[in-house]
Amino acid sequence: MEFSSPSREECPKPSGRVNIMAGSLTGLLLLQAVSWASGARPCIPKSFGYSSVVCVCNATYCDSLDPLTFPALGTFSRYESTRSGRRMELSTGTIQANHTGTGLLLTLQPEQKFQKVKGFGGAMTDAAALNILALSPPAQNLLLKSYFSEEGIGYNIIRVPMASCDFSIRTYTYADTPDDFQLHNFSLPEEDTKLKIPLIHRALQLARRPVSLLASPWTSPTWLKTNGAVNGKGSLKGQPGDIYHQTWARYFVKFLDAYAEHKLQFWAVTAENEPSAGLLSGYPFQCLGFTPEHQRDFIARDLGPTLANSTHHNVRLLMLDDQRLLLPHWAKVVLTDPEAAKYVHGIAVHWYLDFLAPAKATLGETHHLFPNTMLFASEACVGSKFWEQSVRLGSWDRGMQYSHSIITNLLYHVVGWTDWNLALNPEGGPNWVRNFVDSPIIVDITKDTFYKQPMFYHLGHFSKFIPEGSQRVGLVASQKNDLDTVALMHPDGSAVVVVLNRSSKDVPLTIKDPAVGFLETISPGYSIHTYLWRRQ
């Protein structure tokens, strides 16, 4: 649901404490101890008539954040984004020794430890690379810094399609010569060598954190497929263990070899992007069908051993890479087979049918059955459903969909969350089947400009503040409430709490940390906050 567009006056200006606090008398009372910080570079807001604003960036200017630092012991930092136009604005406050608030109490339970986080990121598709490289070099650099640098939101995961997908401008694989079972003609095209690989290297150079690469194939070469086409209903010819399956498994190793020659190593591969898609007649773009039994046997007999016996034996293998609706069934089929299970490190999930599949019955049940197999959210975007507008520049609701999904996933044992295209054009492409969708960054090459959407900042409320190795801990509410909340601890023991308010009501609240005291604050309607403090 969209809401009325904010006026220019609602958008952020470099303003004093009085202006910032004037929006809420309750906020003024609760946060009187808070001093507002003015560092970094503010958002230049622009409204396109949707519920909030985008931040405008070009070759000479882009909003930015200061590198992450924790406040002194006894104080806390609060980063705030709101529908009315604030974007990760920093304030600091004093942790109180006594509880004076009367509203909601959130109590940190650090002794309750859950999963350790892998991280957050997005996909370097052909479309994303084309859009980024269509900007002038200075604008390209500011876009990449926004995502990957410590002045940005600190992404540490990049998903890389293995050859073409729908977000390509042509269909291709790395081995299109028919019946080349030895893959003698395997080669990376310019989409990899001129577009994706150089940009990935630039991202890695800008990042202060280690960045993990994740690869996923959409289709095999057509000569390995039952239908002889990149799209539509089709799977690998033959049976697991035969020449078709062995060749397809070796294709993964060839891909990893080729990227290694370009000095890029992968953290993980998924066995197939959306394997259920290739079981559907008339599926419009690149796919390769697997039933759970077929994927189990392909992993056990072909892909698992081939990776394990290669120089890439440290690369993790993730199964599924499809809708969580398919859980826990797919996990039961694959992971109860010891020959397949020994090669599987994790289960990747997509978000598109989450509205049909409650997290507890899918993610929760799968974790209960297979607690040692990690869950990882590998793809999400808005605007893909037939009833949705592809791009809604400045949609706050779409940002809230992202942060609500991330919090829900974290609460159900997921270790990372990956967006889809890093950047798209105002149409939501390019996409060779016109399957246009939205993206946290939209590039307008006619103006050498890019727009950072609310989705970008909602993601940043997690990615910047929750580094790899952070661990989710308990957080208990004193009463039923409309907030989405999650708590984590950094590897050094510092605390992070994210609070999302998807309602229109301001919610006074107190965060209690038994080790240090009480954080008195407020969650305004349609806002997201990240709180940080030292515990020792």
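A Cβ is built for glycine as well, from the same backbone N, Cα and C atoms used for every other residue.
Feature annotation from Swiss-Prot assigns signal peptide to 1-39; the stated evidence is similarity to another entry.
Look at Swiss-Prot and you will find C43-C55 (among others) tagged as disulfide bond. Counting every protein chain shown, 25 other Cβ atoms lie within 10 Å of the Cβ of C43 (disulfide bond).
Residues annotated as disulfide bond in Swiss-Prot, with similarity to another entry given as evidence: C57-C62 (among others). Neighbour density for C57 (disulfide bond): within 10 A of its CB lie 26 other CB atoms from the protein chains shown.
Shown in sequence order, A139, L142, K447, D448, T449, F450 are the residues of the chain, 6+ apart in sequence, with a C-beta less than 8 angstroms from the C-beta of N58 (N-linked glycosylation site). Residues or ranges marked as N-linked glycosylation site by Swiss-Prot on the basis of sequence analysis: N58 (among others).
According to DSSP, N98 (N-linked glycosylation site) is assigned to coil rather than to any helix or strand. N98 (N-linked glycosylation site) is surrounded by 7 other CB atoms, counting those within 10 A of its CB over all protein chains shown. Positions annotated as N-linked glycosylation site by Swiss-Prot, on the basis of sequence analysis: N98 (among others).
For N185 (among others), the entry in Swiss-Prot reads N-linked glycosylation site. In sequence order, A175, D176, T177 are the residues of the chain that are 6 or more apart from N185 (N-linked glycosylation site) and have a CB within less than 8 Å of its CB.
The active site, proton donor feature in Swiss-Prot is assigned to E274; the stated evidence is similarity to another entry. Other Cβ atoms within 10 Å of the Cβ of E274 (active site, proton donor) number 25 in total over all chains. The secondary structure of E274 (active site, proton donor), as reduced to three states from DSSP, is coil rather than helix or strand.
Other Cβ atoms within 10 Å of the Cβ of N309 (N-linked glycosylation site), summed over all protein chains shown, number 10. Per Swiss-Prot, the feature N-linked glycosylation site maps to N309 (among others); the stated evidence is sequence analysis.
The active site, nucleophile annotation in Swiss-Prot covers E379. Other C-beta atoms found within 10 angstroms of the C-beta of E379 (active site, nucleophile) number 24, with every protein chain shown included.
N501 (N-linked glycosylation site) carries a strand DSSP state (E or B). Summarising the annotation, Swiss-Prot assigns N-linked glycosylation site to N501 (among others) and lists sequence analysis as the type of evidence.
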Rounded inter-Cα distance in Å - N309 (N-linked glycosylation site), N98 (N-linked glycosylation site): 60
Candidates C43, C55, N98, E274, namely the recorded positions, that fall within 10 Å of C62 (disulfide bond) by Cα distance: C43, C55
Among C55, C62, the most crowded of the disulfide-bonded residues [Cβ within 10 Å]: C55
Cβ neighbour count within 10 Å of N501 (N-linked glycosylation site): 25
Pairwise CA distance, C57 (disulfide bond) versus C43 (disulfide bond), rounded so that it is a whole Å: 9
Pairwise Cα distance for N501 (N-linked glycosylation site)/C55 (disulfide bond) [Å, integer]: 21
Using Cα positions only, nearest of the recorded positions to C43 (disulfide bond) (N98, E274, E379): E379
Cα separation, N98 (N-linked glycosylation site) to E379 (active site, nucleophile) (Å, whole number): 43
